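Since the structure comes first, as structure tokens, the remarks are kept for the end.
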Amino acid sequence: MNAPLDKKIEQSFVTAPHFPIYMDYSATTPVDPRVADKMIPFLREQFGNPASRSHMYGWSAEAAIEEARGHVAALVGADPREIIWTSGATESNNLALKGAANFYKTKGKHIITVKTEHKAVLDTVRELERQGFEATYLEPQDNGLITIEQLAAAIRPDTILVSVMLVNNEIGVIQPIDAIGELCRSKGIIFHCDAAQATGKVHIDLEKTKCDLMTFTAHKTYGPKGVGALYVRRKPRIRLEAQMHGGGHERGLRSGTLPTHQIAGMGEAFRLAKIEMDAELVRVKALRDRLAKGLMEIEEVYINGDMEHRVPHNLNVSFNYVEGESLIMAIKDIAVSSGSACTSASLEPSYVLRALGRSDELAHSSIRFTIGRFTTEEDIDFTIDLLKSKVGKLRELSPLWDMYKDGIDISTIQWAAH
Ligand SMILES: Cc1ncc(COP(=O)(O)O)c(C=O)c1O
Ligand code: FES
């Protein structure tokens, strides 16, 4: 896995002389061609700076931005004035957490989050700890979900902020954000939710859900990379300390010239998601269930995370007695990941699966399949056949598999220290 990039690409074209079937939709999605078409005019004729108030170029860019703001707001039941453009979910999480913690620090310094959050939340909370805030990291249950009782027990008089994601990027489980919102509101605590993986997959209604800050990104929902948004509630009004200073764009909350083409793309992607979501979820779920059924025909396969409270496009599976990285190398014809894209560069077992109580071995032998808008039934059937054959071959080489087959309980073996 650690060969130079050009070597890796070259080798992979030897074993699979074409682009592999894409099953990594949670790392990023392809841009929908309709989204790309929407973006192009803002790179060509309508290239104006949306902040230019004195001519047609500026006005048309500004109009595109406000149209897109409306589409993003409409998908999540927000007022367009509650949507602040950012460069993606990482920035939105930083702005939400640092912005709220610093604005409200005189009220208290305690923050609650969950061990299985994305690094863009965990590392930001760690940074806040370095600045003098205190944090509690909730441990999810074996199914990946937290309970409302757990959260209630962690709340202290000085808790100012709770951050719980809507959909987990590795295992796809959906956290109970309606109940979390109710509890936080009743205690006067700000509730931030990272919904990067949720748009177009879970119905979000911020008129109903008592969430104060919500993070979005375009590139997980068939939009371009490098653009996102932060929802900032107006009623009751949530205040933030800006993290980016400059020209005072986005009502002073996020300075910087707005990337019109990116934003127009995000707006179009979210507009399409709203229209097509219900039909798409049914189609994708049928494909995911077909994949799950096929893979479960292999012996010693475990699904990670709750299957009921879960987005329909995610399947995270551990193939016991097979090393995850070797399996990924053996199945070059499909593009999957052994965890989340950001952490797959390290060979550490997934911290998300570890937090669910999975052993190192099972965490190491896990693969995340995430499918989507352009996945076909043929892709699924090909994947099942490929996995059946490669898992079988790798196990033939595994002494542990032989022992398991001979009925030896491996957990009782005393391994030599090294
Ligand atoms: C849950 C979650 N939050 C945040 C991010 C970071 O998003 P972005 O790439 O837009 O910064 C991701 C992407 O992997 C994610 O899955
Ligand atoms: S791309 Fe999802 S973890 Fe970074």
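Every residue gets a Cβ built from N, Cα and C, even glycine.
Among Asn102, Asn169, the residue that TrEMBL places alongside Ala89, Thr90, Gln197, Thr217, Ala218, His219, Thr257 at the pyridoxal 5'-phosphate binding site is Asn169. Secondary structure at Asn169 (pyridoxal 5'-phosphate binding site), taken from DSSP and collapsed to helix, strand or coil, is coil.
Here the CA atom of Lys220 (N6-(pyridoxal phosphate)lysine) lies 23 Å from the CA atom of Thr257 (pyridoxal 5'-phosphate binding site). For the binding-site residues given as Ala89, Ala218, the lowest number of other CB atoms within 10 Å of the residue's CB is seen at Ala89. In this record, pyridoxal 5'-phosphate is bound by Ala89, Thr90, Asn169, Gln197, Thr217, Ala218, His219, Thr257; the longest C-alpha to C-alpha distance in that set is 30 Å.
In this structure, Asn169 are the recorded positions from Asn169, Thr217, Ala218, His219, Lys220, Thr257 whose C-beta falls under 6 Å of some atom of ligand 2.
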